[in-house]
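Undergrad: Quick one: this structure, given as structure tokens, is what I'll be asking you about.
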Amino acid sequence: MLCIIIIENMERVCEFCKAYRAVVYCIADTANLCLTCDAKVHSANSLSGRHLRTVLCDSCKNQPCVVRCFDHKMFLCHGCNDKFHGGGSSEHRRRDLRCYTGCPPAKDFAVMWGFRVMDDDDDVSLEQSFRMVKPKVQREGGFILEQILELEKVQLREENGSSSLTERGDPSPLELPKKPEEQLIDLPQTGKELVVDFSHLSSSSTLGDSFWECKSPYNKNNQLWHQNIQDIGVCEDTICSDDDFQIPDIDLTFRNFEEQFGADPEPIADSNNVFFVSSLDKSHEMKTFSSSFNNPIFAPKPASSTISFSSSETDNPYSHSEEVISFCPSLSNNTRQKVITRLKEKKRARVEEKKA
């Protein structure tokens, strides 16, 4: 039991400096601090300055105080207050204490602890005022007097430092402020480094072109399908022996394109309102073949699906296999040249008809 009483009455050391006796309790930080460290910690910013703090009990030196007894000249917590004033001594003069915020000056702490301070003359320091304190009071409150004097030195040092910075920041009264034009002249000429030359770039950029409008060296007109659907190189000599066979102006659509190619259709409209749906199969190698105008394009892998031809006038579908309309990469050079020549003649004839 004796050991417990000794532990409860042990003086708490400041948790910040570990040197002085703790006299202040911060509720937000749950920390015991001395006066100097209390000012340093809670003057760092405005948020820390809002922390509620109170003085530690002078009796148990452990709990935050709630009342000051002027007869005992002590700050007391709830338990110590009941212990001292639970009997007939309840007539003692007491005053309830409230928590404080911010960073009070050292003189306010001196007044709170009951020391007489000369308020009329601010030039008189606390050290000069404390010289008039009785030796008995100095012995009893020597630790708090030391902390108050140390706090005053810190606050005076900070005030002198801030005033010197203010004086250095103020311009000389003999020096006129510069005009805005002169201030711009004094700035380093670093704007030239930010100039970027875009002359090497072409005026018409092709970065936004779609996949179907890619620029091919074989297609001077930069179009994927320049001729009509009839101009595609068809193996008329080998497969389509009937010279009267022609593809009419009809709508060409791929049925089951999602099942066949695994992608959504991307229609491209030409002059005859023909829609060509195509997709590249990523799981197979893409093979190149020659078209009627000798342009290498990519062909999807042949499949067993059907192509439905439906005229705009009639709704009777004609189903043909893909072998009916197919490209023949195995043609000889002479046959291909004949096909190209015939197609050029057809094209020239159409151009003349349009001009007429």
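From the backbone N, Cα and C atoms, a Cβ is placed for every residue, glycine too.
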Undergrad: Need the matching range: Swiss-Prot marks region 'Disordered' on one of 79-98, 159-178, and I'd like to know which.
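TA: Feature region 'Disordered' in Swiss-Prot: residues 159-178.
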Undergrad: Which residues, given as numbers and ranges, are at least 6 beyond the ends of the zinc finger (14-56) yet have a Cβ under 8 Å from it?
TA: 62-66, 75, 97-103, 106, 109, 112, 143-144, 146-148, 150-151, 154-155
Undergrad: Report, in whole Å, the straight Cα-to-Cα distance of His42 (Zn(2+) 1 binding site) from Cys57 (Zn(2+) 2 binding site).
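TA: Rounded to the nearest whole number, the Cα-Cα distance is 21 Å.
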Undergrad: Fewest neighbouring Cβ atoms within 10 Å: which of the binding-site residues Cys17, Cys57, Cys60?
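TA: Each of the binding-site residues Cys17, Cys57, Cys60 was scored by Cβ atoms within 10 Å; lowest is Cys17.
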Undergrad: Compare the Cα of Cys17 (Zn(2+) 1 binding site) against each of the binding-site residues Cys60, Cys80, His85 and report the nearest.
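TA: For Cys17 (Zn(2+) 1 binding site), the spatially nearest of the binding-site residues is Cys60.
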Undergrad: I'd like to know the mean pLDDT over the zinc finger (57-97).
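TA: Its mean pLDDT is 87.
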Undergrad: Just the number: how many Å between the Cα atoms of His42 (Zn(2+) 1 binding site) and Cys80 (Zn(2+) 2 binding site)?
TA: 28
